[in-house]
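Some notes on the structure that comes next.
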Amino acid sequence: MSSSISPLLTTAISVAILLFSTISTAATIPNIHRPFNKIYAFGDSFTDTGNSRSGEGPAGFGHLSSPPYGMTFFRRPTNRYSDGRLTIDFVAESMNLPFLPPYLSLKTTNANGTATDTHGVNFAVSGSTVIKHAFFVKNNLSLDMTPQSIETELAWFEKYLETLGTNQKVSLFKDSLFWIGEIGVNDYAYTLGSTVSSDTIRELSISTFTRFLETLLNKGVKYMLVQGHPATGCLTLAMSLAAEDDRDSLGCVQSANNQSYTHNLALQSKLKQLRIKYPSATIVYADYWNAYRAVIKHPSKYGITEKFKACCGIGEPYNFQVFQTCGTDAATVCKDPNQYINWDGVHLTEAMYKVMADMFLDGTFTRPRFSDLLIKKLNYL
């Protein structure tokens, strides 16, 4: 499996080990010089490659096991909330690794009772939250929501670790990239219209998420990328539900974007503290908010012609209705998903996920640059 990676990414690898030459912008990392042998992913529906099925994901988006999901690349539904690949898929491809198997479909053990050799596992779950499910139950907010949280994903990871032999565990932390996809947007979404304030959600979410990251770091994780929240005010769902006078300079929902921006500031502050506390680890922040807005500002630069409408859905003005979402009988699909940012009202098209992957991998919207993480890793080889 091959895919293009950015010239900057290729250059970083070349400098680090002095074994690469720039062949073209479509270069791939040779198997013998993979910077990472494994990737472990966490997150929500923006990263989930199959831990959810139809009827199990976010309320109103329960048709991911049916066409037209998966139409662009896989030609069939693969339980990804998109027409094709996600950002994590492009990350795996860029490192010449297979797509990550979802944890719930993984055959974890062999005849000896130890874990089968894989190139990583995806623990992300669609609709998941950062805050424990019990919090939402206590506040009568658990109707039609996914019960899994980041702590569920951590528990799955720890259960997976139990199947590993000693050498496998050592190799896992030495040779693995931990990709923490966007998670926490659902915490805000599930409390909309309730008496629970966004400040409360932010404080609980950031503190819980920080504990999650520290648990991984205490286990020995050395290479970690953490995505911030995207510009949620630019999503079709937000555009269709918010008041028309609630708009920012880009035409997105200002209140929603401000909420994501404030959350990301708090997250970045915590990451700075973690870098000081764990100096031997490399923790990269992926600025999803600004990366997304960069595409909104200059869509034609990325081959995009439709910034706000959903490719798959029904109804004006955004081709989206909450009760007739993608996969229902009434929904239709646009002719070319590659020209759209949004796939089904909330989730993105393969084309947009690829743009995000490229921006993160080439370091345009990562701090420190993703290439710095690669150089540090390859200097240990």
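From the backbone N, Cα and C atoms, a Cβ is placed for every residue, glycine too.
Database features (Swiss-Prot):
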ACT_SITE  Ser45  active site, nucleophile
ACT_SITE  Asp344  active site
ACT_SITE  His347  active site
CARBOHYD  Asn112  N-linked glycosylation site
CARBOHYD  Asn140  N-linked glycosylation site
CARBOHYD  Asn258  N-linked glycosylation site
SIGNAL    1-26  signal peptide
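Annotated features, which come from Swiss-Prot, shown on the structure.
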residue : record                      : DSSP class
Ser45   : active site, nucleophile    : coil
Asn140  : N-linked glycosylation site : coil
Asn258  : N-linked glycosylation site : helix
Asp344  : active site                 : coil
- Note on the structure: Asp344 (active site) to Ser45 (active site, nucleophile), Cα to Cα, whole Å, comes out at 12
- recorded positions (Ser45, Asn140, Asn258), the one with most neighbouring Cβ atoms at 10 Å: Ser45
- Item | Distance [Cα-Cα, Å, rounded] between Asn140 (N-linked glycosylation site) and Asn258 (N-linked glycosylation site) | 26
- Message: At a 10 Å cut-off from the C-beta of His347 (active site), count the other C-beta atoms across all protein chains.
- Response: 30
- Item | Alpha-carbon distance [Asn258 (N-linked glycosylation site); His347 (active site)] in Å | 20
- Neighbouring CB atoms within 10 angstroms of the CB of Asp344 (active site), all protein chains considered, total 29
